[in-house]
């Protein structure tokens, strides 16, 4: 079994693993590259969502086995590295596309053909990448938020993507609107002010809601960098503000121009403006002498400045109007002006009141589990600073809390205290019954006894390299591995095997208190472990003497079987002793090291070892 472990912290010395690693290193280069490419579609612990849905290396391995054995080779796991990298690329491409569109139609519509063609090629390239992403979603699984189920079935994925509204919404994203730039001044402008206004409004409405998708792709980046949820929310508000401001700035510049160059009511001044806008290097000074309209004079003056200056000037005017600190006087004679003024002021009022609300939620939102988690982390940082704790210890404290709560803080004692005892038992049974029911000593126990045992379990979190059981110590508890991977080492330091989700160890301590441990158990990753103490188990079973006697009898039979196998050592053997524990894939056993007598044909220098499965 292969485990995703940090090689810098744990070097596996199990013979089977070492042979497998050596074989992988000896593979040809092209085979290694092919395997690396195939691995990109599998679930990875580097994806920020994996820790929330797949808590251990074992669960990741099982999920990848399910993907490889049950579904076609083109299906991509939603928590794969390929999905992580594509989300980062799509976030950048989507924002470039959505920022370039309004800028092109507002400030480059009347530029020379080489400039327009360059912008068109760039935006078409971005659209191609978005089309590839759209096709990739038909091969990528998804998570059902209500149940946290990871869906990998191709048919379900296909039907999920083909929902009518969602499909139309996605298609409108990568539609090549930029190609309309070629006919913008010939068809759309000539069609009249109302047609132009409808077109730019359609472009605005189709794409302004895209910041929601942008936020979804953006959320992967800070979570990969371990940035808190509250800081992410602030960055998203800033990004959305700039996004809406950019679109409104571009539309605030082009709409008055479209209204002034209306073909149905075009004046000589408007004709002069339109002619100057089509020239690569217009003679602004001569044109200003021939026009008297204030709006046309302002726009002609703009043509003598850089595109960046015109953009920043339009942004300043949009901000002032949005904050209701000034009014536009450019096109007050046109009826559409009143609607534009009302819309911009309403959007400004709405947005700039929404931002303080989000900030208030950031500073005080106790109802949100993610914010409570961030608050506790801030308190922990202050605690570490006050106590002058080392950076290593601070990291362990943060990792312990992160493993325990998985970015969602909750007060378990308070929540459990709200429910009656029968519901509390039901919650614990649903969480831990599968761990207890797998123990041989607990098989065929009555349901109410299992319930009492489960109620005695105590959750403990162990981090990487933490020692759970030390060889030579005296045990007083049994352990159930709910999530994580641990390694078992003999007293001499030899690595004997790994245990994963659902395993248990130390059960003899429930029957024989202070039983000496024969192996070290060390966490190889963050582990969630339930501990059952000897006292709690005895208190549960003591009132039922017949059950306690049956459990003791089962334990004694196991120990007697081991003793009988030891007694079956050949007579020519002079001495024997119990050796290391081992794991053979089906269960634990113990190695018997036997030393031959002088009369043995093997001589006195050698020894045999027999594996005695428990």
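Even glycines carry a Cβ here, placed using N, Cα and C.
Whatever TrEMBL says is automated annotation, not expert-curated.
Copied over from TrEMBL, here are the features:
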TRANSMEM  88-110  transmembrane segment
TRANSMEM  122-145  transmembrane segment
TRANSMEM  165-181  transmembrane segment
TRANSMEM  187-206  transmembrane segment
TRANSMEM  335-352  transmembrane segment
DOMAIN    441-558  domain 'Cyclic nucleotide-binding'
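Panel annotation: around the transmembrane segment (165-181), residues 94, 97, 100-101, 104-105, 108-109, 116, 119-120, 123-124, 127, 130-131, 134, 137, 188, 199, 203, 206-207, 210, 213 of the same chain, lying at least six beyond its termini, place a Cβ under 8 Å from a Cβ of the stretch. Per DSSP, the domain 'Cyclic nucleotide-binding' (441-558) is made up of 37 helix, 41 strand, 40 coil.
Summed and averaged per residue, pLDDT over the domain 'Cyclic nucleotide-binding' (441-558) gives 86.
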